[in-house]
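The domain 'Survival protein SurE-like phosphatase/nucleotidase' annotation in TrEMBL covers A:3-192. Summarising the annotation, TrEMBL assigns divalent metal cation binding site to A:ASP8, A:ASP9, A:SER39, A:ASN96.
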2 protein chains.
Amino acid sequence: MNILITNDDGIYSEGLTALVQEMSEVANITVVAPDRERSATAHAITMHKPLRTEKIHIPNSKASGWKVNGTPSDCVKLALEALLDFTPDLVLSGINRGPNLGTDVIYSGTVSAAIEAALSGIPAIALSIISHNHNYENVSFNSAAQIVKKLCMQILERVFPEDSLLNINIPSVEQDEIVGVAITHLGTIKYKNSFDRRMDPRGKIYYWLAGEAIDNDEIGSDVWAVKNKYISITPLLFDLTKYEVIETLKKWDLQI
Amino acid sequence: MNILITNDDGIYSEGLTALVQEMSEVANITVVAPDRERSATAHAITMHKPLRTEKIHIPNSKASGWKVNGTPSDCVKLALEALLDFTPDLVLSGINRGPNLGTDVIYSGTVSAAIEAALSGIPAIALSIISHNHNYENVSFNSAAQIVKKLCMQILERVFPEDSLLNINIPSVEQDEIVGVAITHLGTIKYKNSFDRRMDPRGKIYYWLAGEAIDNDEIGSDVWAVKNKYISITPLLFDLTKYEVIETLKKWDLQI
């Protein structure tokens, strides 16, 4: 089995290393990932400068791969269309340091890398770990990677749903505290006081994106699941058409 | 009526100027847009550096606004949450120089700006013009802006669909050649030979994103509509949950 691993925290991140080491036990792993952190890049792609790659080896594993001066989407595109001489059986993106839940998935580089693979018809899973501890000091990426391995082995035995990808968020608690697996829908996360307005030493105004998340932990949502110590698995789509509105718009009878 | 206008080609682009001038005739226009081209940034947001704004005036119009050193999504977020002291009745993103069709919308900064507004519950429309002429030399943004004005006046009289936004693509042909308005779904666009592999003068390999689009112009899709000289209007969603797969995944009965 051939697995391509990428992420948006950069190729040297703890989450990617742990994932590669664990998954190496059950599959041939190739890594193609950004050379540095590219969080919140969403599905950005690099059109106006060339991409460079450098061969690398992931410590304490048999895995090798490439680091790329691009976004997570660039990495997957480049892997599938230029670097690899095989089609992977699975693409994993992560394990991301921090949640990718609810409305926020739209900003996620981690999820976008998985979408890019899904667009090419390859089963793809975005993986994130959630700690209540903001600096992620005592988070066990190794423990999360073990869980991911168990889940992947089961998922690969099923028929992967067409035109879909999976978004998995793992609460950072002891393994025996995890309640189970919840299949969820995306919740909503809104922010209040989103921007900090400040003045620089030269009297000019600038803004920092900040803000306090107000999440709606409605039962059955991913936000609810991880709060209640479930592993959340959400099926995602990449066809953004809102089909149920097409007939309504036709009735509008717009004229030019 | 208050309309917020943004784009991803940058605040000085011809498409934005034409749109502002035309829409100024029927509404109060405020512009908050990137200070330079930010195409293919998708839904990227700026978290690791501060955003700066500068007040500007759009030539030959009563409209004023701000240019921002950020992405289209940053612009809409900042407008709604820090710069404007009112909630706009409509957000328009464009008019983009080039199509935003099919699977490609996922990379689009133009569409993402509209999604950002829709996330805040504001009616939002992404606008793009398509020329077969690659350098967009003889494209009439003014003519497209007139069409947009006509469409917006009609759309605002209808009940805007909830949790949706509209993606409008206008073929660049004479107005009397346009066949009509087609309500469409997103088509698929695949690329072959996506990357050009080259060697730099120092013998190092680099890659340019390139590739030839192979679009599937299935009847009813946006790709089909613009090829056949229709204006394409596609309703889009921003909740990426693939609801119809939830029950299937529940039956997988995954264990940890």
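Any Cβ shown, glycine's included, is placed from N, Cα and C.
The Cβ neighbour count for A:SER39 (divalent metal cation binding site), using a 10 Å radius over every protein chain in view, is 22. DSSP assigns A:ASN96 (divalent metal cation binding site) to a strand.
Under 8 angstroms separates the C-beta of A:SER39 from a C-beta of chain B, among the binding-site residues A:ASP9, A:SER39, A:ASN96. In the predicted model, residues of the domain 'Survival protein SurE-like phosphatase/nucleotidase' (A:3-192) average a pLDDT of 93. Cβ atoms within 8 Å of the centroid of the Cβ atoms of A:ASP8, A:ASP9, A:SER39, A:ASN96 (the divalent metal cation site) belong to the same-chain residues A:ASN7, A:GLY10, A:SER13, A:GLY15, A:GLU37, A:ARG38, A:PRO72, A:GLY94, A:ARG97, A:GLY98, A:SER108, A:GLY109, A:THR110, site residues excluded.
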